[in-house]
């Protein structure tokens with residue numbers, strides 16, 4: 001989903017499910033969190049159904065598909081099980097993410113350049129469901145070019161190294177890497193999203209980057225929601241992004 005005038009906020013609700021799975025209870029319900037997030041201004045809801053099912057479960061995805069008023073961004077590993085599930089659910093957006101060490105780059109994104117044929121086949125198969133397929137990659141020209149070559153219309157740039165940077169120099173270097181990656185991706189004709197490790201104290205610099213379509217944020221929202229409530233946590237983040245991206 002793109003919007004010409006403003007940056008979008010995708011709310012990842014995985015860690016609401018993490019809290020539920022810690023005790024194997026029926027609460028807290030990630031579906032309720034998703035609906036609250038939408039009410040508070042989320043432009044979409046992101047869920048990652050992992051092979052180990054450590055947080056989100058199939059049932060969550062099925063229910064969310066039926067009740068969301070915005071759209072679902074379904075994160076998944078490149079496996080036959082997940083491909084078949086995505087074909088059944090048919091989410092609006094699918095983001096392919098690395099789940100095994102072989103699929104990872106050194107920074108942590110999907111190594112598209114190292115497995116182009118496999119990723120191309122997955123992108124083509126998933127595109128037939130009508131989904132917009134994106135690839136979660138590092139802000140690296142080689143990976144961005146490979147993403148275009150395999151036919152993905154969108155990418156999500158991994159902001160984890162920026163989030164983990166310790167010194168002002170490191171922060172500036174990692175931010176420049178993202179800025180350059182966004183410009184390169186847009187120049188390649190791709191929709192460029194970003195996310196991973198973003199929180200209330202580091203999001204503004206990324207939200208100020210021209211060319212980013214959407215930021216996906218989860219853990220920081222769930223953590224802040226413990227103290228202010230989920231709607232307030234989402235609304236606060238949305239306000240930061242809107243102000244910074246003007």
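Along the chain as shown, the residues are counted starting at 1.
Just so you know, glycine gets a Cβ as well, placed from its N, Cα and C.
What Swiss-Prot lists as active site, proton acceptor is 48, 75, and the listing cites sequence analysis. Sequence annotations record features per position, and here Swiss-Prot assigns active site, proton donor to 196 based on sequence analysis. Under the heading 3-amino-2-oxopropyl phosphate binding site, Swiss-Prot lists 12, 23, 197, 218, 219, citing sequence analysis as support. Residues annotated as 1-deoxy-D-xylulose 5-phosphate binding site in Swiss-Prot: 14, 15, 50, 55, 105. Swiss-Prot lists 156 with the feature site 'Transition state stabilizer', giving sequence analysis as the kind of evidence.
Feature map: annotations from Swiss-Prot on the structure.
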residue	record	DSSP (3 states)
12	3-amino-2-oxopropyl phosphate binding site	strand
23	3-amino-2-oxopropyl phosphate binding site	helix
48	active site, proton acceptor	strand
55	1-deoxy-D-xylulose 5-phosphate binding site	coil
75	active site, proton acceptor	strand
156	site 'Transition state stabilizer'	strand
196	active site, proton donor	coil
219	3-amino-2-oxopropyl phosphate binding site	helix
Requested in this report: Could you measure between residue 23 (3-amino-2-oxopropyl phosphate binding site) and residue 55 (1-deoxy-D-xylulose 5-phosphate binding site) for me? Cα positions, answer in whole angstrom.
Outcome: 11
Report summary line: Across every protein chain in view, the count of C-beta atoms other than its own within 10 A of the C-beta of residue 48 (active site, proton acceptor) is 22
Report summary line: Within 10 angstroms of the C-beta of residue 197 (3-amino-2-oxopropyl phosphate binding site), the count of other C-beta atoms across all shown chains comes to 19
Query - Euclidean distance between Cα atoms of residue 48 (active site, proton acceptor) and residue 12 (3-amino-2-oxopropyl phosphate binding site), Å - result: 8
Report task. Filter the recorded positions 75, 156, 196, 197, 218, 219 down to the ones within 10 angstroms of residue 50 (1-deoxy-D-xylulose 5-phosphate binding site), Cα to Cα, kept in sequence order. Result -> 75
Report summary line: Fewest C-beta neighbours within 10 angstroms among the recorded positions 14, 156 belongs to 14
